[in-house]
Amino acid sequence: MGIIRSLSQLLLVCCLLWPALASAQVDDSQAQQLLTALAESSFKEKKSVVNQIAGSGDDRARTWLEAYGDNKLGRIESSGDFIIVLKNRGRNWTVQSALSGENLGEISRRDIDTIRVNNALRNELEGILSVIDLKSPDEDNRLTAARALKGSVDDTLAERVPDFIAAEESDAVQAALTEALAIYQVEEQGDVSAVATLSGSLNSEARAALQQAQNSDDPALAAAAAKAMESIEQKLKMNRAAETLYFGLSLGSVLVLAAIGLAITFGVMGVINMAHGELIMLGAYTTWGMQQLLPGQPGLALILSIPAGFLVAALAGIAIERTVIQHLKGRPLETLLATFGVSLILQQLVRTVISPLNRTVITPDWMSGSVMINEGLSLTLNRMYVIGFALVVFAGLMLIMRKTRLGLEVRAVTQNRAMARSMGIKATKVDILTFGLGSGVAGLAGVALSQITNVGPNLGQSYIIDSFMVVVFGGVGNLWGTLLAGLSLGTINQLLEPWAGAVLAKILVLVLIILFIQKRPRGLFPQKGRAAEG
Amino acid sequence: MWLTRPLQERSTQIFLGVLFGALVIVSALHLFMPQDSALYVSSYTVTLLGKYLCYALLAVAVDLVWGYLGILSLGHGAFFALGGYAMGMYLMRQIGDRGVYGDPVLPDFMVFLNWQELPWYWAGFDMAWFAFIMVLLAPGILALVFGFLAFRSRVTGVYLSIITQALTFALMLAFFRNEMGFGGNNGLTDFKDILGFDLRTDATRLGLFLATGIALAIGYVICRGIVTSKLGRVSVACRDAEARTRFIGYRVERVQLFVFVVSAMLAGVAGALYVPQVGIINPSEFSPLFSIEVVVWVALGGRATLYGAVIGALLVNYAKTVFTGIMPDAWLFALGGLFVLVTVFLPKGIAGLMSRRSKKDDTDTPAAQEATA
């Protein structure tokens, strides 16, 4: 009985509605009939009903089918109204009307009949949904749908895809569709001419199709596929190299940021500041604090924390200089110990006052996400910002050291303190300002680091040894050396990582530096002249 | 003979007298006092004191290179830990088939990691004499290679400090790896006995405590012997004016290398005695923080005095035990404050205070504050 009834309903739907389906919208009673047909027909018939719904051109069709595929399209037993389940946890489900889209609140699970779906239908639905998307007026939607089609084109879709290609205006969508079709042709039909389309494609489905074709019995196809694979391998290799370079540069710029403040205090002033890492940490915590003060505006808070982080770290640095370091002038080893004590105190201070746990710093929208270079390679935005930020900070420091009065005085005091003083330079003032500058830059590093790593009390410790390595490797007192050393150490680390693993790569880099220092004790760019003595 | 000369010295006689006196008193209180007496020293305390004495020996080793050679090593924890690992490997092999998995040869963690046989560098550690030689050789050879490379290319001062820190940091990362075959994160633990004596009995613990005390005495006499010998004079000259010493014709790097290696071996012995008393050795002993903490013990006690290093190590570690018991959060504040106060206000440490009070002008008090450029 049920089958006959549903069949008759189906027939009714087909006869009555077919002309109406061509138009863009269906009215609610027709929609109700379509959905009833879907609910009451057998799995075999459901397939054609689904196609009808898809062909109806109704705006709501996509929502219905998507919900149906997810087992979320249903009917209220009592009223026969169709609903879409929004939340299906617990005893009561939140639902909305399928026809009007109105939220109906919570309804007991028992009162809802979900329309059943099976795996064959689900596969069908996937293709149908992407076809609906391919008709979408929005180009981005079409592109996403076209990309999703790669590897999921089947016999029925394959017949329709050429029409879409012909009708498509956007080149990108067209290319994606052509590739999707070519994957189908290679995989299912062994079409040699389609292999050329896939040559150089970075899509994993395309690679899978080619790999399969390589092992085919048809020698022409196998040869063509092998050739196409070769060009893909080539491209992949380039991709990997570009990715490694990018990661290397981003790690390197982090190192540069962390080390460049140290290069000023250690290199220019000859002061070992073991608390440098904790000044970085203070900068990172300033970012966190700013975001707490300005809830809901992480972007603005981040921008404001650049000057704030600089100030906080600079003031902390000046305080350290005044209370500890100035008493230890000319005793570098004691300075090292005392500032290490300061670093312990600062760490514990953060643990006690804020929390021993990591804090979350929100990444603003304009910094998250990634830039897609091609299908196999996408670069994360936040790291790109960090690279840019490091370069800007470096350029700014170069300008200060080279072009300003302060820079001139700093260099004078570095080279010959007594002479500089007799020329009227206030050496103490220069000390304070230089130390403030170096510490402030550490704060900036902290602001940047808060975007790519956890903000916790141990943040500084994990960078201090690396930073010293960068400064020593680059040559003390040479900002260019620090830049080059930071970037190259970052890249070497990333190059070693694939075959040695992260930890071993780090060990190898440390050993390399230790060996390098034996060969060139004063770094890549040693200071020349009298300043080098001592 | 350079080793017997210190025994005729007044300061060494006092040091040894106090040390042996303390050893005898602690043993007597432990053995002969009733358990409920206020003067009874529990076996926990004996082990704790033994641990302090290990630290004291390590501090003496650091003082030898920092105080008399002017090399601030921020990586002596590495030598300490290497000695500890050599001893730990011996103790692991002594467990035999009494481990959780009952494998007669492989330690538990190797069975756990599905290793089929012992790695080659574990060979021989079932023999005590071999392990005890390795306690000296492992840190010694590392110090020899590292020192040879560093001193030959005249890496000194701050640079040397930083690369010693990098050395111990790199070793820490390496030992954290399971693939290294040293138990990874957990290290070596669950020891049963040493030389056939059960480690959990009070008698063994007292024995280890006494052995540590004697090792400290021997280490002290060796260091004293070195610094009062001609070699010691040259090394002090290297500390105060390296370039000048070189121009006079001394091979500075050889002096530095010799003293550095001796110091590393002493640190290794300290580590080896530390492990059976504490019952575990893991990569955290390699952490740069530990190494730098050792330096502050020496700084507090007074550089270039040797006995100052012992006083500093005992004081700081006693304070650490007390502090971490009462208010664990405050310990890092106290330690950090100690770093600052000692370097700013007490450049000569406690020993400096004592010698100023007694107005006794010992020839070996540090003449130059500035060891390096």
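Each residue, glycine too, has its Cβ placed from N, Cα and C.
Note that the structure is predicted; figures quoted are calculated from it, not measured.
Annotated features in TrEMBL:
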SIGNAL    A:1-24  signal peptide
TRANSMEM  A:245-272  transmembrane segment
TRANSMEM  A:300-320  transmembrane segment
TRANSMEM  A:332-350  transmembrane segment
TRANSMEM  A:384-401  transmembrane segment
TRANSMEM  A:468-492  transmembrane segment
TRANSMEM  A:498-517  transmembrane segment
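Against the transmembrane segment (A:384-401), stretch A:245-272 shows more Cβ pairs under 8 Å than any other of A:245-272, A:300-320, A:332-350, A:498-517. Contact check: the transmembrane segment (A:245-272) against the transmembrane segment (A:468-492) gives at least three Cβ pairs closer than 8 Å, residues 6 or more apart, which meets the contact criterion. If you look at the transmembrane segment (A:468-492) against the transmembrane segment (A:498-517), you find at least three C-beta pairs under 8 angstroms, all six or more positions apart, and that counts as contact. Here the transmembrane segment (A:498-517) has long-range neighbours at 244, 469, 472-473, 489, 492, 523, meaning same-chain residues at least 6 beyond its ends whose C-beta is under 8 angstroms from one of its own.
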